[in-house]
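Trainee: To start, I am sharing the structure in question, which I have written as structure tokens.
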Amino acid sequence: MTTRGGPRCPVRGRGGGGRQFRAVLSGNHGCHERETGSLGRFKASLRENVLGSPKELLKLSVPSLVYAVQNNMAFLALSNLDAAVYQVTYQLKIPCTALCTVLMLNRTLSKLQWVSVFMLCAGVTLVQWKPAQATKVVVEQNPLLGFGAIAIAVLCSGFAGVYFEKVLKSSDTSLWVRNIQMYLSGIIVTLVGVYLSDGAEIKEKGFFYGYTYYVWFVILLASVGGLYTSVVVKYTDNIMKGFSAAAAIVLSTIASVMLFGLQITLTFALGTLLVCVSIYLYGLPRQDTTSIQQGETASKERVIGV
């Protein structure tokens, strides 16, 4: 990344800084939450669940590794597919997450909920749609490699999110301790990637070379957003996280219209409509099939009695 009038800040380096920030913020939250109650109890909880339980740390390293694979596959896909094709295919992570939820957490979704999931996928695609711009630069692409990479990225996204949700909800361990476990392993994974790709530059200029106030501000926003995303997953699920993210995209675009004069397109308006309708449909109470079956049985008995 080239900062405004300043030095380059490696993209992978920003990821490492973000994970360090999230680990610190998780520790701060953990000190004040009701489950731990005090700094001493929180330290004891950390010793028990992080330092004294390498198995738990390894368990939370799985989503960190999978997310790292997802990010690299997404970059590979973007470099081998047209932007429009990438936008459409990458949104398949929404139904993939729903499928992983059904398979890994043994949940069921109604037909209406499945319809709303695919409607959300289409809506987000339209909201983020940007028409392709003609360019004279010829870029050599491998579509087959791109589609393979996007398929892996989509599967990784669904699996990692649902796996983390399963770990969060399968024990009484504090949410913030779980965050620290995941981000510590994430820091290790990211640092390995950083030194493999930018090791020479980091040795010469330092890890935080090129970090400006703007970069730190973006890292802070991303860190806070990542932490509270885990709160959403803890108390709802990954599918609701997808709906929340879609609503956030719509709201941020509307804010850009009011603040920066961004022009609303027909595709954005249609996509917003689909997102809103899908959220409404997904939130509808599921029909009580038991009462329907009992009613049908009673009506059959009356017919037989007649």
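Note: Cβ is positioned from N, Cα and C throughout, glycine not excepted.
The transmembrane segment annotation in TrEMBL covers 112-129, 144-164, 176-196, 208-231, 243-260, 266-284.
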Trainee: State the residues, same chain only, that lie 6 or more residues beyond the ends of the transmembrane segment (144-164) and have a CB under 8 A from a CB inside it; answer 'none' if no residue qualifies.
Mentor: 60, 62-63, 66-67, 69-70, 73-74, 76-77, 79-81, 85-86, 89-90, 92-93, 96-101, 104-105, 182, 230, 233, 238, 241
Trainee: Honestly, do the transmembrane segment (243-260) and the transmembrane segment (112-129) touch, with at least three Cβ pairs under 8 Å and pairs 6 or more apart in sequence?
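Mentor: With 3 or more qualifying Cβ pairs, these stretches touch.
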Trainee: What residues in the same chain, six or more past the boundaries of the transmembrane segment (266-284), come closer than 8 Å to it by Cβ-Cβ distance?
Mentor: 112-113, 115-117, 119-120, 122-129, 239, 243, 246-247, 250, 253
Trainee: In the same chain, which residue numbers or ranges, 6 or more beyond the ends of the transmembrane segment (112-129), come under 8 angstroms Cβ to Cβ?
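Mentor: Residues packing against the transmembrane segment (112-129) from afar: 84, 87-88, 91-92, 94-95, 98, 239, 242-243, 246, 249-250, 253, 265, 267-268, 270-275, 277-279, 281-282, 284, 286.
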